[in-house]
């Protein structure tokens, strides 16, 4: 029985679920400062607003698990929001078609990312930063830098932004589905295991016969598709396609995924941690606005959280690698052989 | 100016890897340091370099203790190092590489006087009596030229004060060099010694050491066995000192009859499982192989012989070419990790190799990585229960400790990690296994278990190709031994046909080097 107790204790430790404790502290703090905070309406507001960020975060999990950054999700979000709005205004008011169009446009960027990273072998951080810039520019060029407004209370806006069950709108439902699907993929299937193997040790994955490039391409397409879906929802929320909407989701989504990696799974990118981190982020930002903090404070909150999260995941990649090298060199001679070389 | 270690010891994880070693290195002398893998020579060097702190004893320079001073202080005292990989950046020129040795860093903030630097480096290189262009990326230079640059950088004075080079430690400097190049390097080393620098020459190549060094210290299992002074060491005396009394391990199974009978049974290439002709890679220059079912072929060779690359080139994980290849009698283009699964081939990298295991994974996750498809339920769900019991089965069969499937691979000892890697591939039920350094960094007990297991899977009719630098491994598992030299098979030893002992194998491996040196022993096979 004591081992069960130890297990429970271990899984409730600050290192495992610290974000949940911080979240509770935040809720307590905001409730004390502002009596209108501790209400169901605040809860639904956080979820409804941050479901879109959550979807982007869920998409990001896949390339990150496979060891790739996808910085283009912000630009993809802008692209798909514009595409959906354009279809609504110019082609059809069918909700489904508009969403599909947005996702399809996003997938094109996913293909572009795959080519740049996996065929041209450009580093993922730089490569997706570049495609992000190209996509943003293309959207501005095609739209003349104008937003495309549509009827907010039409089918599209109503279905995706207003209709709700117990106060929760469509994006929350989609996020829930995304969490479950991604969790299943990453944690219950061989696909997920292989993806993590690629991200941690590409060479191990390659020697294990895993189709590294194919799986990475799939992860990039998935991340683009989810960012695309998020874009169509963002358009519905404001009743317009907006080419500049991307950046405000990019950073929080990354913050959520990296902070999430410090939760539950010992440094592994995982959907549950990311979901908790989105809640934490949303609660903090909504709370700050509710207590009357200036509108720039949420950005500081997100930025600080991202730094904290990455610092918690062993000081980022470079630091970790340097540390690893140090450790392996330090102990290499304990049973020393000359290090062999692989070409 | 004398550099000495007195009663030096080093402990890792409670185990003494170096114990009570006392050696005196004198200026103007070349002092050889030899020992097999795990003998403690790398640890000794790392303590000298200030990289490790000593757990016991001290390092003194002219009687003054200098241990635990740290690498920068050691450099300032004039003790310099050239490591096996040289530490050069291939894209940089010789001049730019000079900057990484710490010479420029001492004048940070001021701009570099390139002309002055170039003159000084040139004068050092000129002293070597060898042409080395300083304005070409070092990656474009020959191996010996790169070595000379690394040595020049090490003995270079630098601007920032500090002492001129007094002692130079060279770690396996001839690894990448070929015959005539070795002579050039030796010339430079002798010149440095004549100029008053004490050279500590670390190598496992006994002939090189005998040719160069006036004194030779032999380490075995972390202890100093002997120091031979005044060129009194012979090849045999060094070999005996290195290997100890147990020239032939008493644990060696008696496989002689087995190997001979099967050799006779092997009709010809038609029964071979895998044949390869003319395998080439960056180190291999045309290797032919015939591997039969139920045999274990070990490949030995000194560093740089191609031994370290063979199985990776063969398995198609490193760029390679071959003129022809057959698998079970059918011609195939090449092997590749993507097709191993269908072809029932496994590549088991040594546990310190990149590509062996995912440190962040649990034992369970690493072990099942190539057999995930065996564990599939509906909707592609993994059968976690079956996965766990599979890992538990292997843990008990191979005596993996701790036998907890959820144990982090990062925390496993080298031997246990190696067992996990072997189990990972055995679970995929391969007919042919390529195994690199199965016991490198593995403690004796685990190594014994691993080797017994290897012998057993050979008995099951599988084919093993093992590359190793451990003679003990070969004696324990090999039916045949191929000796690689300069990218080619120089000799084949068959158990039961040829003399098959530790000394005969070492002799065969070392025979191709320093042909000029007279050899008193005539054991070993044909050359």
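Every residue gets a Cβ built from N, Cα and C, even glycine.
All annotation found in TrEMBL is predicted automatically rather than curated by experts.
Per TrEMBL, the listed range annotated as transmembrane segment is A:217-237 (candidates: A:196-216, A:217-237).
Long-range neighbours of the transmembrane segment (A:125-144) within the same chain, counting only residues 6 or more positions beyond its ends whose Cβ lies under 8 Å from a Cβ of the stretch, are 68-72, 74-76, 78-79, 82, 86, 109, 112-113, 116-117, 241, 243, 246.
By number of Cβ pairs under 8 Å, the transmembrane segment (A:249-265) is matched best by A:272-293 from the list A:20-41, A:47-64, A:164-186, A:217-237, A:272-293. Contact between the transmembrane segment (A:164-186) and the transmembrane segment (A:47-64) is supported: at least 3 Cβ pairs lie under 8 Å, counting only residues 6 or more apart in sequence. In this chain, the transmembrane segment (A:217-237) lies close to the transmembrane segment (A:95-118): three or more C-beta pairs between them fall below 8 angstroms, excluding pairs fewer than 6 positions apart. With a threshold of 8 Å between CB atoms, the same-chain residues lying at least 6 positions outside the transmembrane segment (A:47-64) that come near it are 70, 73, 77, 124, 164, 167-169, 171-172, 174-175, 178-179, 182, 185-186, 195, 199, 216, 218-220, 222-227, 229-230, 233-234, 237, 249-250, 252-254, 256-257, 260, 269-271, 274-275, 277-279, 281-282, 285-286. Only pairs six or more apart in sequence are counted, and the transmembrane segment (A:71-89) with the transmembrane segment (A:20-41) gives fewer than three Cβ pairs under 8 Å, not enough to call it a contact.
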